[in-house]
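Enquirer: Structure below; questions to follow.
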Amino acid sequence: MFFLWLYMFYSCAGSCAGLTTRGSPPPPRILLPGEGSSVEQQQAPPDGPSPPISSFFNGSGTKRLPQAIIIGVKKGGTRALLEFLRVHPDVRAVGAEPHFFDRNYERGLAWYRDLMPRTLEGQITMEKTPSYFVTKEAPARISSMSKGTKLIVVVRDPVTRAISDYTQTLSKKPDIPTFESLTFKNRTTGLIDTSWSAIQIGIYAKHLENWLLYFPIGQILFVSGERLISDPAGELGRVQDFLGLKRIITDKHFYFNKTKGFPCLKKAEGSSKPHCLGKTKGRTHPDIDQEVVQRLRDFYRPFNMKFYQMTGQDFGWD
């Protein structure tokens, strides 16, 4: 009897050690140093695939340098475009303007990347800084970061843009000279002061020449600031196509706010409530001497014609 018991004991020693409760997974294997303890080498649980590797480390993706940048222009509608684009689930954008390629370039690309939102695979990282378009060094610097960067320029009738620019400055500095006096070097001769930034920014053809030294025209999308107001879904459709995104932002996302005079979002990013741009947008312009307005239109006309030829688009400014 003793020998029978001893035989059963030794027989079970090997096989019984592997018995577990029916249906339960085997105990996890503890990896020793040097055996490969990375997440990639661990086996996924039997009830489904493992989550993305990035989720183990940061929970919400990776910070990347932008693949697309809204480079201009000031008072053209860049804020509206960015806010509209952020509705798209595959677009992640910085809210504030980084001003990396014009004011903070010495901080380096690592600093710039750290400003970016985290993105998942398939999402686009974006930023917007309108002053890039008129910054001489910006094209070479962006090209140095990535020659494949997609660029977006929101343009607007340069006369209206100049008045809007002045209006913004006036709201901060009520004691500045009149628009009319700033427009001319000599009003008697009608010589326009192109050194004034409000005038100089609107010479779009001149600035574009600098960008075309580093980027092909097909890599730059020109958005009409006027159509962004009259047909936001149409312009957003072009932008989504340019970025290689599915056309998710459509007419259903917008309503026209008569008080502000431009479209607003029915639902903003991360919210279920309607959203219009802040009170700094859509300011009432001061009355400008119509003779000055006409002189400005005459001044800009040849530059506008050249810009139309360069872009292949007639924006309808007169």
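Heads up, the Cβ atoms here are built off N, Cα and C, so glycines get one too.
Taken from TrEMBL, the feature active site, for sulfotransferase activity covers LYS75. Look at TrEMBL and you will find LYS75, GLY76, GLY77, THR78, ARG79, ARG156, SER164, LYS281, GLY282, ARG283, THR284, HIS285 tagged as 3'-phosphoadenylyl sulfate binding site. As annotated by TrEMBL, disulfide bond applies to CYS264-CYS276. Positions annotated as domain 'Sulfotransferase' by TrEMBL: 66-301. Annotated region 'Disordered' per TrEMBL: 26-60, in sequence order. Here TrEMBL flags 1-18 as signal peptide.
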Enquirer: Would you say which of the recorded positions LYS75, ARG79 has the most Cβ atoms within 10 Å of its own Cβ?
Expert: LYS75
Enquirer: Restricting to the recorded positions LYS75, CYS264, CYS276, which ones have a CA within 10 Å of the CA of SER164 (3'-phosphoadenylyl sulfate binding site)?
Expert: LYS75
Enquirer: Using a 10 Å radius around each Cβ and counting other Cβ atoms from all shown chains, which of the binding-site residues SER164, THR284 yields the largest count?
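Expert: Top count of Cβ atoms within 10 Å goes to SER164.
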Enquirer: How many whole Å apart are the CA atoms of THR284 (3'-phosphoadenylyl sulfate binding site) and CYS264 (disulfide bond)?
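Expert: Cα-Cα, rounded: 18 Å.
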Enquirer: What residues, ordered by sequence, lie under 8 A Cβ-to-Cβ from CYS276 (disulfide bond) and sit at least six positions away in the same chain?
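Expert: Spatial neighbours, sequence-distant, of CYS276 (disulfide bond): ASN257, LYS260, CYS264, LEU265.
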Enquirer: What residues, ordered by sequence, lie under 8 A Cβ-to-Cβ from GLY77 (3'-phosphoadenylyl sulfate binding site) and sit at least six positions away in the same chain?
Expert: VAL154, ARG156, VAL223, GLY225, LEU228, ILE229
